[in-house]
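Feature list, courtesy of Swiss-Prot:
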DOMAIN    59-147  domain '2Fe-2S ferredoxin-type'
BINDING   Cys107, Cys112, Cys115, Cys127  [2Fe-2S] cluster binding site
DOMAIN    190-220  domain '4Fe-4S ferredoxin-type'
BINDING   Cys200, Cys203, Cys206, Cys267  [4Fe-4S] cluster binding site
BINDING   Cys210, Cys257, Cys263  [3Fe-4S] cluster binding site
BINDING   Trp215  ubiquinone binding site
Amino acid sequence: MLARSARLLHSAELAANAIRAASGAPATAAAAEASFPSTDDVAAKTKKTGNRIKTFEIYRFNPEAPGAKPTVQKFDVDLDQCGTMILDALIKIKNEVDPTLTFRRSCREGICGSCAMNIGGQNTLACICKIDSDTSKSTKIYPLPHMFVVKDLVPDMNLFYAQYASIQPWIQKKTPLTLGEKQMHQSVAERDRLDGLYECILCACCSTSCPSYWWNADKYLGPAVLMQAYRWVIDSRDDYATERLHRMHDSFSAFKCHTIMNCTKTCPKHLNPAKAIGEIKSLLTGFTSKPAAEPSAF
């Protein structure tokens with residue numbers, strides 16, 4: 001997994017260099033740093049002309065600059081000329097003020113999880129987080145906490161996705177199954193057990209708000225991955241619940257959760273990862289067991 005990630009990063013670097021060469025962009029780190037807008041340039045482009053000017057303080061980090069250190073840069077945005085969400089402000093700043101501002105985004109509807117970041121001290125999605133209309137206070141925007149930063153508001157998600165892959169998030173059967181031959185039956189009650197679990201969009205807001213995950217990310221799976229693990233353990237169509245639980249039966253994978261509840265408080269989809277982790281602990285300790293699958297009528 002790590003070797004594959006290294007190859008992907010190397011390929012991405014080669015692709016980036018090719019794009020720079022084709023577009024005439026600066027190829028060296030020093031040239032790249034020099035091409036970034038200065039504070040004076042930003043101030044000139046964000047001249048306060050409206051009545052509802054909002055200041056955004058945004059975390060900046062350029063890994064291509066020699067000896068780069070994180071900084072916080074201020075941008076003024078006229079709310080009368082901007083959409084209502086934080087992502088609207090970020091896009092406006094990138095399009096009209098500073099094209100070097102870097103962040104992830106995709107669906108703009110709270111479905112993909114790409115634009116997860118820390119806004120005003122709370123992990124959330126920029127696309128569904130409304131701009132505070134109080135112009136007397138600035139809004140602070142940082143990347144997800146306790147993650148390596150790729151650039152600006154872009155965190156490195158490699159470890160998070162590697163942990164997700166480790167739980168084998170797909171249905172596994174012990175009996176031969178030919179796709180299309182028959183349906184994998186679920187009763188209404190069995191399907192209802194997945195509600196509040198399958199809706200997770202893997203944005204990592206919960207995991208990166210968890211102190212246990214901050215200090216033990218190499219061993220503790222974290223709220224998001226554990227909730228996904230429970231989703232597959234409890235699925236009536238899956239035959240490998242025992243094996244899935246066995247892989248988590250140690251002192252760190254699940255039991256490092258101290259029920260701090262930050263995960264449930266911050267989830268932008270209003271899910272309850274802490275409850276799912278509690279259910280996993282009950283299964284691991286033998287207090288509860290997975291309900292037997294109902295007989296199939298198919």
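Here the Cβ of each residue, glycine as well, is placed from N, Cα and C on the backbone.
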I need the nearest neighbour of Cys127 ([2Fe-2S] cluster binding site) among the binding-site residues Cys206, Cys263, Cys267, using C-alpha distances.
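Nearest candidate: Cys267.
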Taking Cα-Cα distance, which of the binding-site residues Cys107, Cys112, Cys115, Trp215, Cys257, Cys263 are within 10 Å of Cys206 ([4Fe-4S] cluster binding site)?
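Near Cys206 ([4Fe-4S] cluster binding site) by Cα: Cys263.
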Six or more residues out from either end of the domain '4Fe-4S ferredoxin-type' (190-220), which same-chain residues have a Cβ under 8 Å from its Cβ atoms?
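110-114, 116, 123-125, 144-147, 155, 157, 159-160, 164, 227-228, 230-231, 234-236, 252-253, 256-258, 260, 262-269, 271-273, 275-276, 291, 293-294.
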Looking at the binding-site residues Cys112, Cys200, Cys203, whose Cα is closest in space to that of Cys210 ([3Fe-4S] cluster binding site)?
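Looking at Cα distances from Cys210 ([3Fe-4S] cluster binding site), the smallest one goes to Cys203.
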Under 8 Å between C-beta atoms and at least six apart in sequence, can you list the same-chain neighbours of Cys267 ([4Fe-4S] cluster binding site), or say none if there are none?
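In sequence order, the residues whose Cβ lies under 8 Å from that of Cys267 ([4Fe-4S] cluster binding site) (at least 6 apart) are Cys205, Cys206, Pro273.
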Cα of Cys263 ([3Fe-4S] cluster binding site) to Cα of Cys200 ([4Fe-4S] cluster binding site): how many Å, rounded?
12
Compare the C-alpha of Cys107 ([2Fe-2S] cluster binding site) with the C-alpha of each of the binding-site residues Cys200, Cys203, Trp215, Cys257, and give the closest one.
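Of all the candidates listed, Cys203 is nearest in space.
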Mind tallying the domain '2Fe-2S ferredoxin-type' (59-147) by DSSP state, helix then strand then coil?
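Once the DSSP states are binned, the domain '2Fe-2S ferredoxin-type' (59-147) shows 14 helix, 24 strand, 51 coil.
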For the C-alpha pair, I'd like the distance in angstrom between the residue listed as 'ubiquinone binding site' and Cys257 ([3Fe-4S] cluster binding site), rounded off.
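About 12 Å separates the two Cα atoms.
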Between the binding-site residues Cys112, Cys115, Cys257, which lies closest to Cys200 ([4Fe-4S] cluster binding site), Cα to Cα?
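Going through Cys112, Cys115, Cys257 one by one, the Cα closest to that of Cys200 ([4Fe-4S] cluster binding site) is Cys112.
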Under 8 Å Cβ to Cβ from Cys257 ([3Fe-4S] cluster binding site), same chain, six or more residues apart: give me those in sequence order, or none if nothing qualifies.
Cys210, Ser212, Tyr220, Pro223, Leu226, Ala274, Ile277, Lys281
